[in-house]
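> Got a structure for you, written out below as structure tokens; questions coming shortly.
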Amino acid sequence: MFGYTMDEIGNIVVMQGFSGLSLFSVLLLMALGLAIIFGQMGVINMAHGEFMAVGAYTTVLMSKLAVKYDLVHTYFVFAIIAAFIFAFVIGYLIEFLMIRHLYHRPLDTLLATWGLSLVMQQIFRSTFGAKEVSAELPEWLLGSFQPTPDIDIPINGVFVMGLAIIVTASVYLYIYRSRGGLRIRATMQNRTMASAVGINTKKVDRMTFALGCGIAGVAGASFTTIASTGPTTGSLYIVDSFMVVVFGGATSLIGTIASAFSIAQAQSILQFFMSSSMGKVSTLLVIVMILMMRPEGLFASKLRK
Amino acid sequence: MKALSEKLLGGKQGAIALAILAMVLFVIFPLWLDSFRLSMLGKYVTYAFVSVSLVLLWGNGGILSLGQGIFFGLGGYCMAMFLKLEASDPVSTKIQTTPGIPDFMDWNQITALPWFWEPFKSLPLTLILILLIPTLLAFIIGFAMFKRRVGGVYFSIITQAIALILSILIVGQQGYTGGVNGITDLKTLLGWDIRTETAKYVLYYVNVCLLILSIMLARYIITSKFGMLLLAMRDKEERVRFSGYDVSDYKIFVFCVAAMISAIGGAMFTLQVGFMSPSFVGIVPSIEMVICAAVGGRMSLIGAVYGTLLVNFGKTMFSETYPELWLFLMGGLFIAVVMFFPDGLAGVYDKYSKNFKLGELLAKFNKNTVKRIGDML
């Protein structure tokens, strides 16, 4: 097949599979935030990629500080937290200034947030320059380990995946096992009833939107370990993330994970055997076809309007 | 006959607005602008086709397609393929390893014309395909989605993904499509040089004529019973369905018409500008076209045309002098239009013209009151 022996194909699949896992982790983190915002409020946030870039730029700035004060070994953990907080705060403000006025017009939020993404991209470009920047990574994130001589697994990929798993688990715990999550789910299911029993639904909306943005910030922080960041980095991932959310079924956490996994793996493995662009085209094409046959996505039973 | 003309022109007010637009495009701009700027204006007029299609589809039908660039691009590429084949006749391409095929194919070691280029050797077939391919694609997309009642934001996201797919495909398949540079060096249309100044003027006028015809077609649809149903579907889809109409058929039809109008714009773009590239197909141009329609007014066919011209003029002016400021302005403009003026320029105009009439009414009322008070005294 393709001029490789079975053994080589096995190794290629394992290695591309692992590089797919890095993509999977970033997509999963992006899609988690989107799915929360979309599932909760029906808001399509086109600026989500730019919130990811906020996280990434925060990490880059933190790494510059860390180099200055010789803290390269430990700063990354704080960078992740800072990325979350920054993106969270900006998301909170955006919800307050913009999104809350548009809840009754979902198509218009899509357009307004696109405008926002243009503005944010230009802010990045004016502040950090048009060139891509990358964070100074601590030593323990570099290098790779080799279970067999032919297989090479980069450590940063493993780290990013670990981070994605931790964040996903925390989101799960928060939404399904805490009071705050209970309020979110109550508002999502029946806004009027929720507010009748004393939940401040407007506050819940604001916190949910900010939380989704914060998770995008974490996605940005983890993104810096596998690639460098430019002003348009976020926009490269936005369509993929939307496809993950729609493909998985917007309100299902499991669906989001499964679809992020399949999309990332398909892209990564196909890109090895075809050209990079054809790999992406065929993945997206298959998703669009599946969505045409099963518009409600993989894991949702509710019919979509 | 009278009814038909009324439908095409949209009553007295519509006819006046259309006449003013025709006047501006036919007389004022050509007199005012030099040929370079006029040819630029011609480019914007081709974008206006897409805005008109969006008014029909989005303003009236409530279907937000973020993939109008697909149809614009397909129309443009069909035209470009014909012109490219004409430009690469065996005589002028004799230095290539395989004469008679487009130069980019030769650079990519392709030795025979791919099968899907064959139909574009004849102009009538090309013209048919310009209309047919985008409409057919729109039909397939629309049929698959609307029959399954996919609508709203899902439709927008999926059309956006299709726009992405198409643009990656065109960029990736350099040998068949010209890649990221697109199809360039287009010279003649049936021996008529499209690069001369006269040709640019002629093309500009053809362009404006077609645009006005498209506006009349869209207006005919909007003012007919079909247009009423579109509005009803936008506002209360379920009710229309319960009244016994098959909502999806109407949506598919309007999506196809919108695709066809956009494709005409794309084909005219290729003729006017002399090339076609994937940068007019993907996500960003598709959304920019929505911005233009939104700024002009998503409910107003004429307003959308003005909006398109204005936004694109602004874009050219600003990106020439302050490239940094432009994205701020564009983003800010978009946020502002969506949040504060959902009906765009046309909405603002309507509001003020209505206020004016309200003023007349008030004056009349005051006169009456004064008279009555006078009587009472």
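Using the three backbone atoms N, Cα and C, a Cβ is placed for every residue, glycine included.
I grabbed these lines from TrEMBL:
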type	residues	note
TRANSMEM	B:15-33	transmembrane segment
TRANSMEM	B:45-74	transmembrane segment
TRANSMEM	B:123-146	transmembrane segment
TRANSMEM	B:153-172	transmembrane segment
TRANSMEM	B:202-231	transmembrane segment
TRANSMEM	B:252-275	transmembrane segment
TRANSMEM	B:287-313	transmembrane segment
TRANSMEM	B:325-342	transmembrane segment
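Are these features on the surface or tucked inside, and what are their neighbours?
For the transmembrane segment (B:15-33), same-chain residues at least 6 beyond its ends with a Cβ under 8 Å from one of its own Cβ atoms are 9, 41, 45, 201, 204-205, 208, 211-212, 215-216, 302, 305-306.
Sequence-distant contacts of the transmembrane segment (B:45-74), counting only residues of its own chain at least 6 positions beyond either end whose CB sits under 8 Å from a CB of the stretch, comprise 25, 133-134, 137-138, 151, 153, 155-157, 159-160, 162-163, 166-167, 170, 204, 207-208, 210-211, 214-215, 218, 221-222, 227, 230-231, 233-235, 251, 254-255, 257-266, 268-269, 272, 276, 278, 280-283, 285-287, 289-290, 292-293, 296-301, 304-305, 307-309, 312.
Residues 70-71, 74-75, 78-79, 81-82, 154-155, 158-159, 162, 189-190, 247-248, 251-252, 255-256, 258-260, 262-264, 266-267 of the same chain, all 6+ positions outside the transmembrane segment (B:123-146), place their C-beta atoms under 8 angstroms from a C-beta of that stretch.
Residues 6-10, 14, 18, 21-22, 25-26, 30, 38-39, 41-42, 45-46, 48-49, 52-53, 55-56, 60-62, 194, 240, 245, 250, 253-254, 257, 261, 264, 268, 271-272, 301-302, 305 of the same chain, all 6+ positions outside the transmembrane segment (B:202-231), place their C-beta atoms under 8 angstroms from a C-beta of that stretch.
Sequence-distant contacts of the transmembrane segment (B:325-342), counting only residues of its own chain at least 6 positions beyond either end whose CB sits under 8 Å from a CB of the stretch, comprise 291, 294-295, 298, 311, 314-315, 318-319, 348.
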> Apart from its near flanks, which chain residues at least 6 from the ends of the transmembrane segment (B:153-172) lie with a Cβ under 8 angstroms of it?
63-67, 69-70, 73-74, 77, 141, 145, 178-180, 182, 278, 281-283, 286
> So what's near the transmembrane segment (B:252-275) in sequence-distant terms, Cβ-Cβ under 8 Å and 6+ beyond its ends?
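Distant contacts of the transmembrane segment (B:252-275): 39, 42-43, 45-50, 52-54, 56-57, 60-61, 63, 65, 68, 70-80, 83, 130-131, 133-135, 137-139, 141-143, 146-147, 182-186, 189, 194-195, 200, 203-204, 206-207, 210, 214, 217-218, 221, 226, 230.
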